[in-house]
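Copied straight from Swiss-Prot:
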BINDING   G12, A13, A14, G15, Q16, I17, G18, N106, Q113, V130, G131, N132  NAD(+) binding site
BINDING   R93, R99, N132, R163  substrate binding site
ACT_SITE  H188  active site, proton acceptor
Amino acid sequence: MAKAPMRVAVTGAAGQIGYSLLFRIANGDMLGKDQPVILQLLDLPQAQAAVKGVVMELEDCAFPLLAGVVITDDPKVAFKDADVALLVGARPRSKGMERKDLLEANAQIFTVQGKALDEVASRNVKVLVVGNPANTNAYIAMKSAPSLPRENFTAMLRLDHNRALSQIAAKTGKPVASIEKMFVWGNHSPTMYADYRYATVDGKSVKDMINDPVWNNDVFLPTVGKRGAAIIEARGLSSAASAANAAIDHVHDWVLGTNGKVVTMGIPSNGEYGIPADTMFGYPVTCANGKYEIVKGLEIDAYSQEKINITLNELEEEKAGVQHLLG
């Protein structure tokens, strides 16, 4: 028997990431090749014509799984009964804009969206915040939606995770799919800490294979952390297709499970690994039955603790910067 369609809300639908994302969702890459979807697309009033153009293209693909499309500039329409919400749209940093101003501008957007989700979304909605600063935006949305379970709100660390995987694959000369138990701690920012101390390839330790702390500290971590800036430098535009791909990976694994594989998700802490509760933090997780679970019992050495503290301090500063807006 055919499955009932799932409602997928996407904000910033007319943007670059949206354009890379929507066709793959409609093709079944995110929720499975047997799962019909209804896309509920949100963007600003001035972007509605552009969204209509994207929808014309979606129609022209004749995707068998695309059961319907809603176009709106009203969050309460976009999030109505949503099973999955991808919050992609965010205020980008303009020239001369202080980080504080960026945080405040986005806090307003994500407060409104959190409240709308709280009012109209499915009680089981899975929310992924892609728009930057993703961790803090996810925290704001979560805090603005008190009637939804806090674990329904997540931030995207999967792009950092995938970037780190590809760097390790290149360094070891091994296929990217053979690398297991590599993950990322912290904020989706250059302070994130990609950790391969437990990673293996075909059962062999990646740390032993690479055996180069200088490469780890001076090449690997900066390359992964500043990859977004390097892409803007090279392409003149920010990474859109790779961000969309990471969003697909994140939701796919959350909904359909990881089969024991460890991945990275930004999730609200319950105090695990000494991270203050409610902090939206990148953790190693496994997913099964539509739920994620933090990998427990990992030893944190002094170097790793130092790196985790740096990214945590940045997140705490961001959180403090928006606290007054949350009432």
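FYI, residue positions are counted from 1 along the chain as it appears here.
Placed from the backbone N, Cα and C atoms, the Cβ positions cover glycine too.
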List the Cα distance (Å, whole number) between G12 (NAD(+) binding site) and N132 (substrate binding site).
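G12 (NAD(+) binding site) to N132 (substrate binding site), Cα-Cα distance: 12 Å.
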Should any of the recorded positions A14, Q16, G18, Q113, G131, H188 have a Cα within 10 Å of the Cα of R163 (substrate binding site), which are they?
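The recorded positions close to R163 (substrate binding site) (Cα within 10 Å) - there are none.
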Are there residues of the same chain, six or more positions away from R99 (substrate binding site), whose CB falls under 8 angstroms from its CB, and which are they?
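Same-chain residues close to R99 (substrate binding site) (Cβ under 8 Å, separated by 6 or more) are R93.
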Cα within 10 Å of the residue listed as 'active site, proton acceptor': which of the binding-site residues Q16, G18, Q113, N132 qualify?
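If one measures from the Cα of the residue listed as 'active site, proton acceptor', the binding-site residues that come within 10 Å are N132.
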Between N132 (substrate binding site) and Q16 (NAD(+) binding site), find the distance joining the two CA atoms and give it rounded to the nearest Å.
14
Counting across all protein chains shown, how many other Cβ atoms sit within 10 Å of the Cβ of Q16 (NAD(+) binding site)?
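Excluding its own Cβ, Q16 (NAD(+) binding site) sees 16 Cβ atoms within 10 Å.
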Rounding to the nearest whole angstrom, report the longest C-alpha distance spanning G12, A13, A14, G15, Q16, I17, G18, N106, Q113, V130, G131, N132, listed for NAD(+).
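Per the listed residues, the maximum Cα distance equals 20 Å.
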If you count Cβ atoms within 10 Å of the Cβ of H188 (active site, proton acceptor), leaving out that atom itself, what do you get?
30
Taking each of the binding-site residues R93, R163 in turn and counting other Cβ atoms within 10 Å of its Cβ, which one has the fewest?
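Relative to the other binding-site residues in R93, R163, R93 has the fewest Cβ atoms within 10 Å.
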